[in-house]
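Listed in Swiss-Prot:
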- 1-21: signal peptide (SIGNAL)
- Cys24-Cys41: disulfide bond (DISULFID)
- Cys34-Cys62: disulfide bond (DISULFID)
- Cys47-Cys51: disulfide bond (DISULFID)
- Cys66-Cys77: disulfide bond (DISULFID)
- Cys78-Cys83: disulfide bond (DISULFID)
Amino acid sequence: MKTLLLTLVVVTIVCLDFGGGLICYMGPKTPRTCPPGQNLCYTKTWCDGFCGSRGKVVVLGCAATCPTVKPGVDITCCATDKCNPFPKTKAPWERP
């Protein structure tokens, strides 16, 4: 029984330490492994001067903590692999 428990503990430690890190999108089709200590993926969107013609600016990445929310900026954070895909949006001229 002790051997089984010890084996489970060792396997758990190995899986946690060498899991390879969280995978987040950094661009529309660019997943990357986050650096150690950065255990969240985020999606940040906002309108700039070209929002009417190009749509919102989108920034994707990894973070240790969810970025601070600022007025006019939408931020979502998540903690599973590839949980921050590039938002599917229509071009402004395709909107009803």
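Here, residue 1 is simply the first one shown, and the rest follow in order.
Cβ atoms are placed via backbone N, Cα and C, with glycine included.
Not measured: the values here are computed from a predicted model.
Structure with Swiss-Prot features highlighted.
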residue	record	Cβ within 10 Å
Cys24	disulfide bond	28
Cys34	disulfide bond	20
Cys41	disulfide bond	27
Cys47	disulfide bond	14
Cys51	disulfide bond	13
Cys62	disulfide bond	21
Cys66	disulfide bond	15
Cys77	disulfide bond	15
Cys78	disulfide bond	15
Cys83	disulfide bond	17
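Here Cys62 (disulfide bond) is positioned 21 angstrom away from Cys47 (disulfide bond), judged by their C-alpha atoms. Closest to Cys77 (disulfide bond) by Cα-Cα distance, out of the disulfide-bonded residues Cys24, Cys34, Cys41, Cys62, Cys83, is Cys41. Across the structure, Cys34 (disulfide bond) and Cys51 (disulfide bond) are spaced 29 Å apart at their Cα atoms. Not a single one of the disulfide-bonded residues Cys24, Cys41, Cys62, Cys66, Cys78, Cys83 has a C-alpha within 10 angstroms of the C-alpha of Cys51 (disulfide bond). Counting only the Cα atoms, the space from Cys24 (disulfide bond) to Cys62 (disulfide bond) is about 6 angstrom.
Cα spacing between Cys62 (disulfide bond) and Cys41 (disulfide bond): 5 Å, rounded to the nearest whole number.
The two recorded residues Cys66 (disulfide bond) and Cys83 (disulfide bond) have their Cα atoms spaced 14 Å from each other.
Taken residue by residue with DSSP, Cys51 (disulfide bond) is part of a helix.
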